[in-house]
Amino acid sequence: MHTDAYEINMMQTYFEKGIQNRRAVFEMFFRKMPFENGYAIFAGLERVINYINNLNFTDDDIEFLRSTGNYSDEFLEYLRNFSFRGNIRSALEGELVFNNEPIMQIEGTVAECQLIETALLNMVNYQTLIATKASRIRMAANYDPLLEFGSRRAQETSAAIWGTRAAYIGGFDSTSNVLAGKKFGIPISGTHAHSLVELYGDDYDAFKAYAETHKECVFLVDTYDTIKSGVPSAIKVANEMGDKIHFAGVRIDSGDMAYLSKRVREMLDNAGYKDAKIIASNDLDEKTITSLKMQDAKIDIWGVGTQVITAFDQPALGAVYKMVSVENNDGKMIDTIKISNNAEKVSTPGKKQVWRITESADGKSEGDYIALSDENPQAQDSIYMFHPQFTYINKTITDFEAKPLLKDIFKNGKLVYKQPKLSEIKQYSASALASLWPEYKRELNPQDYPVDLSQKCWDNKMAIIKKVHKFIQNLDY
Ligand SMILES: Nc1ncnc2c1ncn2[C@@H]1O[C@H](COP(=O)(O)OP(=O)(O)OP(=O)(O)O)[C@@H](O)[C@H]1O
Ligand SMILES: O=P(O)(O)OC[C@H]1O[C@H](OP(=O)(O)OP(=O)(O)O)[C@H](O)[C@@H]1O
Ligand SMILES: O=C(O)c1cccnc1
């Protein structure tokens with residue numbers, strides 16, 4: 001039921017016209033890189049798997065649909081017996097993906113492909129966006145620990161839970177969300193809020209109470225005055241408690257964090273707490289972190305909430321789901337296209353595979369090569385790669401490896417893919433990024449990563465565009 005009504009409306013048309021079981025192939029892709037980043041990190045597959053495994057209509061659902069008055073009894077009976085029996089191929093979570101390439105492919109009856117569009121886009125669009133934002137923040141933070149603090153600012157519960165998982169894949173080290181920790185095994189971490197200090201009315205009393213009730217202590221030092229009251233109180237409590245606590249550090253949540261962190265570092269060092277860390281939080285993102293690093297701020301650990309969990313500077317990834325092939329009246333698969341006056345919006349027909357081409361010598365990425373599914377670049381001695389619009393930009397690669405991006409997830413409705421552990425997904429993502437040239441990874445104005453079509457795929461697209469133009473010219477309305 002987590003679908004748009006128009007999907008069910010179309011299913012009813014297919015059902016009543018007796019074509020609901022025609023085979024179809026749909027592919028998901030996005031047209032623009034999020035945040036103008038040079039790459040995106042794919043996420044959302046786990047939730048898609050859960051969704052497909054549990055996809056059915058309950059008696060309640062059927063009654064609700066009946067109550068709308070829009071659907072026939074026969075069609076509702078068909079829905080009552082519905083389950084997904086198709087194939088899904090997908091990029092794996094943590095994988096690098098780029099604009100204008102299929103990141104998921106659904107093959108099945110036209111009715112089942114249609115039904116799942118909304119949910120799949122919903123899950124992949126959000127989680128891929130957050131994983132990518134997290135990766136940008138990870139780049140800025142370099143190797144410093146990154147704590148995810150976003151739950152209170154997320155767009156409701158699911159976004160907090162699945163967003164933190166995506167942020168973890170993209171490079172965060174822990175979450176403040178306890179449920180996400182329990183559900184996914186993400187390490188949880190937490191300090192304390194200003195309310196603790198406000199309750200006691202005094203930094204020293206609050207820190208002392210916290211220290212008497214916790215072994216691991218990070219004190220939030222900016223409630224009244226970081227330099228005059230917060231840090232001296234933290235040091236006093238640490239001195240008094242000695243080995244009874246581990247004085248892990250302090251958190252600063254307001255003010256000029258370059259200036260404050262330098263002063264606080266001096267104070268901690270002079271008091272003999274060279275290992276105590278400085279944690280910063282307060283609306284941080286990749287830009288403020290980069291700026292603070294340029295100012296030589298003495299910040300060891302970054303707490304980031306709002307900006308990562310809401311993907312603040314870009315609220316949506318525009319992935320779309322397009323039909324690329326469908327069975328005709330004679331049982332033959334026919335490639336389909338969506339043409340638009342806007343050149344960027346013309347889809348690429350045919351069932352395809354994306355091949356990640358790397359140079360054998362150094363394992364670095366050369367680009368992605370989209371080929372029709374009956375092509376096998378692995379069996380070729382060389383690959384001719386050309387820009388799909390500016391075809392004079394081209395290169396021939398001979399010493400290469402070609403790895404398929406879309407992997408089998410469901411076959412005939414059965415899950416055939418075993419999800420790795422979340423920690424392995426995260427690790428995989430980091431190693432995938434290591435094989436990407438730095439030109440594609442810089443925060444500002446990265447190079448466009450090549451996403452090219454095979455000659456056969458390109459010729460197929462051009463032939464179908466011509467055919468559609470001819471069809472339109474011959475219309476006599
Ligand atoms: N030295 C700095 N260079 C760049 N950005 C900074 C620096 N210090 C703080 N910031 C960032 O500037 C923004 C505003 O900081 P400021 O402390 O004025 O926030 P605020 O929200 O007004 O404070 P409060 O949280 O007390 O209401 C925050 O995003 C913060 O992370
Ligand atoms: O700024 P973000 O990146 O979103 O990180 C989360 C914020 O949430 C908390 O502030 P909040 O004002 O909600 O509570 P607190 O200051 O009382 O802890 C925390 O102190 C951070 O500033
Ligand atoms: O643990 C923290 O310091 C924390 C958690 C959530 C939001 N802000 C801060």
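Each residue, glycine too, has its Cβ placed from N, Cα and C.
Automated prediction, rather than curation, is the source of TrEMBL annotations.
Noted in TrEMBL for the protein shown:
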- 1-125: domain 'Nicotinate phosphoribosyltransferase N-terminal' (DOMAIN)
- 147-337: domain 'Nicotinate/nicotinamide phosphoribosyltransferase' (DOMAIN)
- 351-460: domain 'Nicotinate phosphoribosyltransferase C-terminal' (DOMAIN)
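In the predicted structure, the domain 'Nicotinate/nicotinamide phosphoribosyltransferase' (147-337) carries a mean pLDDT of 98. Mapped onto DSSP helix, strand and coil, the domain 'Nicotinate phosphoribosyltransferase N-terminal' (1-125) counts 56 helix, 21 strand, 48 coil.
Taken residue by residue, the domain 'Nicotinate phosphoribosyltransferase C-terminal' (351-460) breaks down under DSSP into 25 helix, 39 strand, 46 coil.
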